[in-house]
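S.K.: Mind looking over this structure? Questions follow.
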Amino acid sequence: MDEAKLNQLKHFVEQCKADPCVLSDPSLSFFRDYLESLGATIPAHSHSHGDSKSKSYVVEESDDDMADAEAAQVHVEEEEEDEIIESDVELEGDTVEPDNEPPQKMGDASVEVSDENREASQAEKSKAVEAISEGNLEEAIEHLTEAILLNPTSAIMYGTRASVYIKMKKPNAAIRDANAALEINPDSAKGYKSRGIARAMLGHWEEAAKDLHLASKLDYDEEISAVLKKVEPNVHRIEEHRRKYDRLRKEREDKRIERERQRRRAEAQAAYEKAKKQEQSSSSRRPGGMPGGFPGGMPGGFPGMPGGFPAGMGGGFPGGMPGGFPAGMGGGFPGGASGGAPGGAPRGGAPGGGAPGGFPGSTPGGVPGNVDFSKILNDPELMSAFSDPEVMAALQDVMKNPANLAKHQANPKVAPIIEKMMSKFGGPK
């Protein structure tokens with residue numbers, strides 16, 4: 001017997017010794033029957049290959065799932081950031097406590113004012129001015145209040161009383177009078193000036209600057225300019241402070257968005273890796289025939305094959321068929337060739353052979369319709385070519401898809417072998 005075949009048979013036997021479960025492969029049922037017919041005892045766990053395989057799957061899947069779970073637990077390192085707490089702005093200028101006294105008396109601007117009341121109102125205003133010059137601010141407020149009640153349609157009266165409340169450091173009262181003056185006359189420079197100064201007294205620097213700039217446009221005076229010189233530096237500090245913290249908040253939000261983006265990307269990558277690992281695991285567990293093909297066939301012929309038609313395709317090709325005999329060549333006849341009719345032809349065709357289509361010239365079911373295998377086995381050129389991996393790869397490619405024949409026609413090593421094979425199969429040349 002060919003030494004190469006013996007070495008491969010020896011290798012297969014060693015595989016069976018190392019892992020008796022190999023014999024549980026359904027495609028080797030004929031070999032188990034043969035061994036048992038010789039009195040051999042097949043280990044029980046080999047027969048229960050399906051059950052042991054299922055248990056093995058459970059354990060392996062459990063391990064894989066644990067690994068996948070660990071891979072899926074992707075954490076994007078998050079920086080612990082303290083909450084942004086705004087510091088106080090260092091401002092200059094004195095402020096006063098807000099006055100919370102009951103609102104002063106206000107007139108009804110909707111009444112019609114007679115000439116007599118208008119004259120009387122002016123008289124009260126004159127008395128108030130005199131009281132102011134003497135420093136009697138409370139008396140001045142009383143006269144101005146009476147003037148407002150006599151003529152509630154005068155924005156000047158409200159503006160004048162507002163200026164007195166400023167002198168008395170009552171900014172809220174001054175703001176109420178300034179608002180009343182601006183309702184009557186939206187272009188009242190005195191109203192904007194009084195309200196701007198009152199707001200500055202309360203530390204409302206930005207609102208104060210706005211009112212004072214409007215007052216300056218309507219009726220500029222030195223007092224407005226002097227107050228603005230104290231107010232505007234604080235406004236600039238406040239604006240700079242706001243820009244600083246707006247920038248910090250934006251940077252923090254940008255970092256949060258970036259962390260979220262990285263987290264989603266990491267989760268997607270973990271999901272991809274998990275799916276890839278599961279696919280690889282599934283592929284590795286999928287039952288597949290004998291690795292490297294059945295080594296060299298079984299020497300001496302298969303029992304029950306009158307005429308000694310050797311198992312696996314007549315004694316096997318030297319070195320075996322890499323990857324198993326391709327679909328379309330009968331698949332090696334395990335389970336289908338035993339008990340063949342005289343002359344070596346399998347009974348009832350070749351069940352379970354190759355894929356439909358198979359090798360050119362084959363009949364449906366994969367076994368060539370008019371093959372004399374002895375011509376193949378006794379052809380030295382073909383037997384030598386079958387030991388060449390390049391030739392075997394090309395043959396398998398054509399057997400899988402006959403349309404691939406064209407791409408091998410230009411190969412001087414492969415083309416003659418394919419042509420000879422087709423001639424022996426009785427297929428198209």
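Heads up, the Cβ atoms here are built off N, Cα and C, so glycines get one too.
From TrEMBL, for reference:
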- 42-125: region 'Disordered' (REGION)
- 77-100: compositional bias 'Acidic residues' (COMPBIAS)
- 115-125: compositional bias 'Basic and acidic residues' (COMPBIAS)
- 121-154: repeat 'TPR' (REPEAT)
- 155-188: repeat 'TPR' (REPEAT)
- 254-309: region 'Disordered' (REGION)
- 254-279: compositional bias 'Basic and acidic residues' (COMPBIAS)
- 289-309: compositional bias 'Gly residues' (COMPBIAS)
- 336-367: region 'Disordered' (REGION)
- 379-418: domain 'STI1' (DOMAIN)
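Describe the structural surroundings of these features, if you would.
M.R.: For the compositional bias 'Basic and acidic residues' (115-125), the residues of the chain that approach it from at least six positions outside its boundaries are 143-144, 146-148, 150-151, 154, 157, 160, judged by C-beta separation under 8 angstroms.
If you take every residue in the repeat 'TPR' (121-154) and average the pLDDT, you get 95.
Helix, strand and coil counts from DSSP across the repeat 'TPR' (155-188) read 27 helix, 0 strand, 7 coil.
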S.K.: Could you give the number of helix, strand and coil residues in the compositional bias 'Basic and acidic residues' (254-279) as assigned by DSSP?
M.R.: 26 helix, 0 strand, 0 coil
